[in-house]
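A.B. asks: OK, TrEMBL features for this one:
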ACT_SITE  425  active site, phosphocysteine intermediate
BINDING   310, 311, 312, 313, 335, 336, 425, 426, 427, 428, 429, 430, 431  substrate binding site
DOMAIN    180-635  domain 'Myotubularin phosphatase'
REGION    1-25  region 'Disordered'
């Protein structure tokens with residue numbers, strides 16, 4: 001790979017070396033937090049650097065994807081994580097050119113380049129002189145191209161855990177009933193339901209896929225055409241893909257039909273009466289009183305030269321002289337190989353000139369230049385890159401414009417002229433599908449909703465046999481029940497010989513596997529991506545006409561490329577039914593619906609500007625408005641992540657809505673906290689009120705005790721005692737000791753000098769005195785209690801009712817106290 005970049009700045013010593021480690025179990029234990037259900041690690045490399053963003057981490061090959069986990073952030077790096085089936089090419093011989101201003105010292109060359117079908121080119125650097133790169137590369141070579149369909153990750157889940165709302169056949173039948181404006185009976189089986197009107201009918205002539213192996217089991221055909229006519233007409237069309245109705249307007253009777261090319265030969269001299277009868281029946285008479293004939297347009301999606309070249313090999317195009325009231329037009333849309341090469345060139349240029357490049361050297365958007373060139377370099381290259389960009393981008397956008405113009409023209413003829421249109425290319429499953437599905441999207445507003453988009457994809461892409469296995473390069477079924485069957489597929493090269501990979505599906509073996517892989521690789525093409533690109537252009541033109549957003553289209557495309565679900569496996573409805581893909585694999589539609597449900601109405605899959613009332617009819621864009629631009633959400637998301645979302649109103653709305661949601665979440669948290677604080681304040685307030693009441697009670701008790709103490713003090717002082725109070729510091733002995741020294745007064749006469757004595761009184765806290773007369777305190781304090789017990793056991797205790805409960809005094813001292821008259825004042 002040529003490009004600018006250098007490995008001189010990488011310091012391998014800063015990368016953790018997890019060795020020694022046990023292979024297998026230790027690897028799985030370390031990756032359990034990042035693996036999906038039923039995902040297993042096959043090979044692993046440590047200390048790997050993703051050159052695009054210089055991120056170091058662990059690179060693991062699982063049975064589903066190439067998984068890159070950041071060493072510093074401990075999270076999955078989306079840029080370095082890609083499903084195995086999304087990988088288009090591997091390259092272990094990568095050469096990087098050093099930047100001019102850096103030294104040319106030896107650099108590690110353990111590089112691995114991975115090119116994806118989703119516009120991604122990534123390069124990994126492995127620690128030098130280790131076997132990690134070889135282990136990862138060998139695992140990728142084995143598992144990116146599995147030999148059998150059942151080796152895909154989609155079949156690794158437990159079938160008992162799969163929840164399917166309904167079968168694809170039943171959903172297709174429900175869509176047919178919607179087109180006829182009738183309700184599908186729920187009580188009857190699909191095989192018993194009949195559907196018809198004055199113009200069309202539903203036939204099950206292909207229920208066993210004997211009419212056409214790549215068509216659905218139920219078909220809508222003109223009512224005037226019998227099943228026998230259908231078998232005869234199928235022999236005149238490539239791959240037996242005869243003209244059938246894809247969409248119909250019950251109001252005007254106009255139809256949009258599809259088929260493959262007719263087998264007219266080089267001289268266009270081969271004809272088929274049943275085919276001409278069937279095609280003419282598509283242009284039924286109008287509903288006006290005059291019964292004027294309806295115009296029929298036969299649209300050949302190929303360039304005229306290609307159609308003539310196919311005539312040399314037996315194919316070709318219709319002649320308007322053989323089909324009444326018809327007109328044949330060519331749209332000039334190129335084949336699958338031209339589309340694949342065009343996308344490859346666009347991918348290389350976007351990678352080389354993006355802000356994140358696989359060569360590790362980001363490109364500047366402004367003119368950087370140097371003195372010698374006088375500012376002639378731009379975007380990491382020279383000014384010639386502008387010309388290269390214009391040609392590369394213009395080539396791809398020209399393909400998109402051709403498809404848009406063709407589909408818009410088809411929709412306009414049906415909506416405005418009430419004409420019927422038959423569309424085909426060589427095989428009728430690539431360019432035909434693009435045009436028919438896009439025209440249906442323009443004609444019917446139902447297809448611009450989530451449920452309608454699913455019905456459209458299942459009808460025109462899945463049921464009518466777009467070869468997803470070939471276009472994505474994955475295997476399909478090879479043999480069912482020991483019997484071989486022919487699919488009658490031809491590659492979109494113009495020749496009528498069956499495709500080597502789809503001719504006869506014999507027993508599986510190494511040789512057949514090799515041929516399948518080689519052929520499917522050559523037949524891979526971004527056909528579905530082009531169709532989604534066209535829808536993104538319509539989203540830009542009509543931002544309020546679609547219920548889904550551009551982000552939904554990106555996630556839809558990623559889900560298809562990942563092959564994680566069974567909906568888009570194999571090449572036809574028959575192959576999916578015989579392989580059991582529908583019943584054995586998870587459903588992509590349920591996965592996308594769960595994603596939307598997780599985010600509610602503000603999920604990024606919803607278009608915030610959707611207005612079903614404003615656009616309740618057909619969208620008919622004028623030719624001047626069909627000037628496409630690059631779809632940044634898909635093509636620039638890996639190389640220019642900021643710029644890919646910058647100019648999109650939808651993305652800006654989602655960003656503003658995200659900020660609004662975060663603000664509302666912060667508001668709810670703040671309100672919850674305020675409510676919690678208010679409740680706590682109320683609780684504290686109640687506690688304070690209780691404390692205040694308790695304090696008031698304690699204060700009243702203290703005041704009462706103070707009055708009692710004052711009364712005791714006064715009473716004792718009245719008898720000439722000197723009183724000193726002291727409080728015990730022992731918390732267990734909560735008593736107050738009243739020490740009274742009683743002396744005879746100096747003015748007392750006739751008292752004995754040796755008669756001085758002291759009295760001690762202990763006041764015990766009221767709470768320590770029990771109400772029971774037999775309590776310990778009663779026994780120890782009551783002066784009237786003897787060893788035999790209380791003197792008055794049956795009478796109320798006088799002391800317990802006293803205001804001086806807990807007083808203990810030396811009454812013998814009081815008995816020896818002689819009270820003099822001088823103690824008392826005059827009367």
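Cβ coordinates come from backbone N, Cα and C, glycine included.
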A.B. asks: Please report the distance from the Cα of residue 310 (substrate binding site) to the Cα of the residue listed as 'active site, phosphocysteine intermediate', rounded to the nearest angstrom.
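C.D. replies: Residue 310 (substrate binding site) to the residue listed as 'active site, phosphocysteine intermediate', Cα-Cα distance: 11 Å.
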A.B. asks: Among the recorded positions 312, 425, whose Cβ has the fewest other Cβ atoms within 10 Å?
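C.D. replies: Each of the recorded positions 312, 425 was scored by Cβ atoms within 10 Å; lowest is 312.
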A.B. asks: Counting other Cβ atoms within 10 Å of each residue's Cβ, which of the binding-site residues 310, 335 comes out lowest?
C.D. replies: 335
A.B. asks: Neighbour count, 10 Å Cβ-Cβ cut-off, for residue 429 (substrate binding site): what number do you get?
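C.D. replies: There are 28 such Cβ atoms around residue 429 (substrate binding site).
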A.B. asks: Averaged across the domain 'Myotubularin phosphatase' (180-635), what pLDDT does the model get? Just tell me the whole number, please.
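C.D. replies: Mean pLDDT, the domain 'Myotubularin phosphatase' (180-635): 83.
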A.B. asks: Could you tally the C-beta atoms, other than its own, that fall within 10 angstroms of the C-beta of residue 431 (substrate binding site)?
C.D. replies: 29
A.B. asks: So how many other Cβ atoms are close to residue 427 (substrate binding site), meaning within 10 Å of its Cβ?
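C.D. replies: Counting Cβ neighbours of residue 427 (substrate binding site) within 10 Å gives 30.
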